[in-house]
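J.: First the structure, then my questions, so here it is.
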Amino acid sequence: MAIISEDDFRHTSNSTYRTASSSLRADQEALLEKLLDRPPPSLQRPEDRFNGTYIIFFSLGIGGLLPWNFFVTAQEYWIFKLSNCSSPAAGEEPKDSDILNYFESYLAVASTVPSVLCLALNFLLVNRVPIRVRVLASLTVMLAIFIVMTVLVKVDTSSWTHSFFTITITCMAILSGTSTIFNSSVFGMTGSFPMRNSQALISGGAMGGTLSAVASLVDLAVASDVTDSTLAFFLTADIFLALCIGLYLLLPRLDYARYYMKPVWPTVFSGEEQLPQDSPSPTSVAPGSSDPQTPPLGPILKKTTGLGFCIIYLFFITSLIFPAICTNIESLSKGSGSPWSTKFFVPLTTFLLYNFADLCGRQVTAWIQVPGPRSKALPGLALLRTCFVPLFVFCNYQPRGHLHTVLFQSDVYPVLFTSLLGLSNGYLSTLALIYGPKIVPRELAEATGVVMTFYMGLGLVLGSACSALLVHLI
């Protein structure tokens, strides 16, 4: 191993960089395909006893998205709370009627804009603010926001509905931003761990969506008071966020996690020695960077361009279809009046089925990682998912203003298509996300994880924006 003078290094809060006049050669980087499966002889890698680290990352994945999912799932609650703005008394002029009519649009803006801004902010904070501070601060703010929303559930807001709307949108914006910082920070941290831990975090996010869909179905079946069910939703989120704080504080106490969270030795990639995938994140030499506090964005973008395209396009197609198109596909036997074809059709065939299929696709990557990060099959499969757009459009989407043809005359088709949409999204997006931090020098793993989540956010924003146009064309 090459010896480097301390004078050649620049230290930051999370990583150690050395100024270099030229970037590292491709064959000198720790590429995923060439990584060894065992640690160097001088280090003994602890075992993940009882899969404790895996379970913690899985739980953090749930906690990162469960509050947001519950926030969005409580549609009936928002209608109940905001209906006073849109239902004036007899003889009165409608006041602020757009609050209820366009509430979901306001919610989407309050969700996406802060997410993109906070992703960029988090990249700049990677080496300025310790990850422990970022994670705990974001979790604490998320918990505080949900405590406020939980308290307001049983408060009569009929006399100040407009103020309640303002508070709700503000809380959603803060929640979305802090959730983004939390998720991208933890995902960046898993870049220094073996891939199964990144997979656990991503699968946990899908489990959060599945749990919220199940909760929504239970609420429909029980038909309880809307405020009671929402109170149960929000209290569950409060408890889980508090649990996530405890789990994150527990993480460094596990030998296995501590092994990967602490740098062990300064090193340079020499081309003759490759650090194994299962070795801890070392204090390494980074490609040239003029600011030791800011990770070099250029090399990260260069190495992750292909994977970034896959992530953006995968989530673009997914958010183009789900939920805007999926939720408007009706059962062909809707006229029968059965609960399956009316009350439960969309919650079952759209939300629960998609989230469960997405979870299954993500979980499969724990055992199978094909195709690889350099394979042309990965972007090819991402592009192939474009076929889902016409498949869903020609199901029984209603109402139809321009395209009146319904080709798929059975309820089996939307069930099949939604399952394939979720499976392909879960499997392919997880592969692309977990590959990213593994194809760059190890000291850039955390920053690369943040960039990968930015790709995901960009795809979601583009898809959501274009879904409105697609709905208009139908």
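Note that Cβ sites are derived from N, Cα and C of the backbone, with glycine treated the same way.
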J.: If you check Swiss-Prot, which of Asn84, Asn183 turns up marked as N-linked glycosylation site?
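T.: When Swiss-Prot is consulted, N-linked glycosylation site appears for Asn84.
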J.: Under the annotation given by Swiss-Prot, are Gly449 and Trp78 positioned on the same side of the membrane?
T.: no
J.: Please determine whether the transmembrane segment (415-435) and the transmembrane segment (340-357) are in contact (criterion: at least three Cβ-Cβ distances under 8 Å, sequence separation 6 or more).
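T.: Counting Cβ pairs under 8 Å, at least 3, so yes.
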J.: Using DSSP, what is the helix/strand/coil residue split across the topological domain 'Cytoplasmic' (183-201)?
T.: 15 helix, 0 strand, 4 coil
J.: Would you kindly list the residues that approach the transmembrane segment (231-251) from elsewhere in its chain, counting only those six or more residues past its ends and only Cβ-Cβ distances under 8 Å?
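T.: Hits for the transmembrane segment (231-251): 53, 56, 59-60, 62-64, 66-67, 70, 73-74, 135-136, 139-140, 142-143, 146-147, 149-150, 153-154, 212, 215, 257, 261.
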J.: Do the transmembrane segment (306-326) and the transmembrane segment (54-74) share at least 3 Cβ pairs under 8 Å, sequence separation 6 or more?
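T.: No, the transmembrane segment (306-326) does not contact the transmembrane segment (54-74).
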J.: If we skip the immediate neighbours and take only residues 6+ beyond the ends of the transmembrane segment (106-126), which ones have a Cβ under 8 Å from one of its Cβ atoms?
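T.: Residues packing against the transmembrane segment (106-126) from afar: 14, 68, 72, 99, 134, 169-170, 172-174, 176-181, 184-185, 188, 294-295, 297, 446-447, 450-451, 453-454, 457-458, 460-461, 464.
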J.: Restricting to the topological domain 'Extracellular' (398-414), what is the model's mean pLDDT?
T.: 89
J.: Would you kindly check 135-155, 377-397, 454-474 and say which stretch has the most C-beta pairs under 8 angstroms to the transmembrane segment (54-74)?
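T.: Between the stretches 135-155, 377-397, 454-474, 135-155 has the largest tally.
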